[in-house]
Amino acid sequence: MNPYVSAVLLSGLGLGTTLTFASSHWLLAWMGLEINTLAIIPLMARHSHPRAVEAATKYFLAQATAAAMLLFASTTNAWLTGQWEIQQMPHPLPITMIPAALALKIGLAPFHSWMPDVLQGLDLTTGLIMTTWQKLAPFALLLQMQPVNSTTLLILGLASTLIGGWGGLNQTQLRKILAYSSIAHLGWMALILQFMPSLTLLALLTYFIMTSSTFLAFKLTNSATINAIATSSTKTPALTALMPLVLLSLGGLPPLTGFMPKWLILHELTKQDLIPIATFAALTALLSLYFYLRLSYAMTLTMSPNNLTGTSFWRLQTPQPTLPLAMTTTSAIMLLPLTPTAVALLSP
């Protein structure tokens, strides 16, 4: 793609998200979300491959449906209350419909079915943008809405943690596994959103760091399937030694960074007397941990020629920049000792 076109599209992504961040009016927020959607669709279809075009079409249909729901709910709220303010949502109909529309935007269960198929049709760079940057604007709107129907968010969160863990068990494509990982992590954020919004931001930040490290590592090794990562030790031995730690951090295993948000979320749910929900969420985390362990096993414990149909590659110097990968990998592994600082910053 022409670099000038890429610059315009990336600027559109930044403009749409910034417009939504700065909006207190539902119509402006909706415009920001639409600018975001229209900017990323050409990036999805830039390879002119039938699978990429299919993914872009599915993404457009899902986002258009969510945008129509959001516009209908906000117009209904304006009709019932006479104002368009995001912070003023007294009627139960828009309070229920708008979180459902935003859940469809970001891929929360049970509105998740488009996300694995869309992510599977994208290259890893565009997939990284979709699983990180595209979540910011909808979460900003969820954080601004007060009050939110807590029952709706709890149902969405529990369904997402369960389906995100369950759906990734039998996958062999890395991008589908990362899609279900995204669904599960977003479920954890939805669980705590109503009770402690600052903790949702912490969980979103740590998820961005860990997911960026994973996508960049798979891009560096040019891996798309589980069998492909089994030969990565011949190309990048140091990265192959560190990647299981990043994957286990995504699963929330102590003493890695990913344990911090899960630990704090379970603690806050227990303080809110939601012990059954905290227990269910902790059990569903074991499902996600299983397929992260599966990836770790395939990456480090299956060595050529014992792996399935794997071939060894020459260890050549990569032309890709490795500084972002080094920074995100280090952060995904070693930030747990900063938990007391995070707790102090989150405290009112």
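Placement of Cβ uses the backbone N, Cα and C atoms for every residue, glycine included.
Please treat TrEMBL annotations as automatic predictions, because they have not gone through curation.
Taken from TrEMBL, the feature domain 'NADH:quinone oxidoreductase/Mrp antiporter transmembrane' covers 23-287.
The annotation domain 'NADH dehydrogenase subunit 2 C-terminal' is assigned in TrEMBL to 289-341.
Per TrEMBL, the feature transmembrane segment maps to 60-80 (among others).
The feature transmembrane segment is assigned by TrEMBL to 92-111 (among others).
The transmembrane segment feature in TrEMBL is assigned to 151-170 (among others).
Taken from TrEMBL, the feature transmembrane segment covers 177-195 (among others). Remote same-chain partners of the transmembrane segment (177-195), defined as residues 6 or more beyond its termini with a Cβ less than 8 Å from a stretch Cβ, comprise 103, 106-109, 112, 115-116, 118-120, 127, 131, 135, 139, 142-143, 147-148, 150, 153-154, 156-165, 167-168, 171, 203-204, 207, 211, 214-215, 250, 261-262, 265, 268-269, 272, 277, 281, 284-285, 287-288, 291-292, 295.
For 201-218 (among others), the entry in TrEMBL reads transmembrane segment. Taking Cβ pairs closer than 8 Å, the transmembrane segment (201-218) reaches residues 124-125, 127-128, 131-132, 135, 139, 143, 174, 178, 181-182, 185, 188-189, 192, 224, 229, 239, 243, 246-247, 249-250, 257-258, 260-261, 264-265, 324-325, 328-329, 331-332, 335, 342, 346 in its own chain, all 6 or more past its ends.
Per TrEMBL, the feature transmembrane segment maps to 238-254 (among others).
The transmembrane segment annotation in TrEMBL covers 274-293 (among others). Among residues of the same chain six or more beyond the transmembrane segment (274-293), those with a C-beta under 8 A of the stretch's C-beta atoms are 154, 157-158, 161-162, 164-166, 168-169, 171, 177, 180-181, 184, 187-188, 191, 247-248, 250-253, 262, 265-266.
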Query: Other than its close neighbours in sequence, what residues sit by the transmembrane segment (60-80), given a CB gap under 8 Å and a spacing of at least six beyond its ends?
result: 26-27, 30, 33-34, 37, 41, 89, 91, 93-94, 97-98, 100-102, 104-105, 111, 114, 118
Message: For the transmembrane segment (238-254), give me same-chain residues lying six or more residues beyond its boundaries with a C-beta closer than 8 angstroms to one of its C-beta atoms, as numbers and ranges.
response: 181, 185, 210-211, 213-214, 217, 220-221, 232, 261-263, 285, 288-289, 292-293, 295-296, 299-300, 325, 329, 332-333, 336
- line: Other same-chain positions with a Cβ less than 8 Å from the transmembrane segment (92-111) and lying at least 6 residues past its termini are 33, 62-63, 65-67, 69-70, 72-74, 76-77, 80, 134-135, 138-139, 141-142, 145, 147-149, 152-153, 156-157, 159-160, 162-164, 179, 182-183, 186-187, 190
